[in-house]
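The site 'Part of a proton relay during catalysis' annotation in Swiss-Prot covers 46, 109. What Swiss-Prot records for 47, 207 is pyruvate binding site. Taken from Swiss-Prot, the feature active site, proton donor/acceptor applies to 135, supported by sequence analysis. Feature annotation from Swiss-Prot assigns active site, schiff-base intermediate with substrate to 164.
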């Protein structure tokens, strides 16, 4: 298995004006982030607007990204549902060769108990040899996975290798890092706004949204963090701080697509029920982006 740590990119799914997948822009983004030094890719996650994609579109995206990446860096595939049986079916329908792991979100809407969450991931792990990264994002799912459940899972299932922790609760993240019962269990930040302190506190990296706009900047930020050069890391972090806050003002991925449009990487079209970033947001991002360029 290739090494999954450092900076992973939660890829957008670019669309054209007709709402069709813009594969040329997808190829451009994938090539850009790989060439700029990110460590791995994550596709078909929240940022990729996966709930709006048909199965054939998902397969086409997978093939496109594989073709461009050419095994240069690891790829993690998003595969989650609030129906456990749906995940098991998807495992059978999609070819998982050349993927290093799957990223599977905690069941949403149903609001299962911790025992339900445990059995959901236990069942998935029993039905695949793939490595599994749990995705905890309670502000979207309505359910938060706790430390005891994580430790039960990793104690009983060797192929559950990590968690993308996006609760926004840095204390919870630190608890996962400090009190996990397996040292090699990976804890990734799933939140760009607190990714740096999580890595400085012992986390294994970040699955980033903003990184597809600033891959080189993030590469430097986190390399400084791993070397415990805190001042240098934060100096670079604060250069993108205003942009980072703006990107999430109108939701994800509307904001990041607006920024990617400014950078010439893709259009800002999204699929309903999301709306594309407003002209006001685009103007603010344009100003801050140009201000940032002036300081380099």
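The first residue you see is number 1, and the count goes up from there.
Using the three backbone atoms N, Cα and C, a Cβ is placed for every residue, glycine included.
Values in this document were obtained by computation on a predicted structure and should not be read as measured data.
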(Q) Taking only C-alpha atoms and a 10 A limit, tell me which of 46, 47, 109, 135 are near the residue listed as 'active site, schiff-base intermediate with substrate'. These are the recorded positions. (A) 135
Q: Using a 10 Å cut-off, grab the number of neighbouring Cβ atoms around the Cβ of residue 109 (site 'Part of a proton relay during catalysis'), all chains included.
A: 11
(Q) Using a Cβ cut-off under 8 Å and a sequence separation of 6 or more, which residues in the same chain sit near residue 47 (pyruvate binding site)? (A) 10, 11, 12, 209, 252, 253, 256
Q: Give the number of CB atoms, excluding that of residue 207 (pyruvate binding site) itself, located within 10 Å of its CB.
A: 29
Q) residue 135 (active site, proton donor/acceptor) to residue 207 (pyruvate binding site): how many Å between their Cα atoms? A) 10
Q. So what sits near residue 46 (site 'Part of a proton relay during catalysis') in its own chain, CB-to-CB under 8 Å and at least six residues off in sequence?
A. 10, 78, 105, 137, 140, 252, 253
Q | Residue pair residue 109 (site 'Part of a proton relay during catalysis'), residue 207 (pyruvate binding site) - Cα distance, angstrom, rounded | A | 23
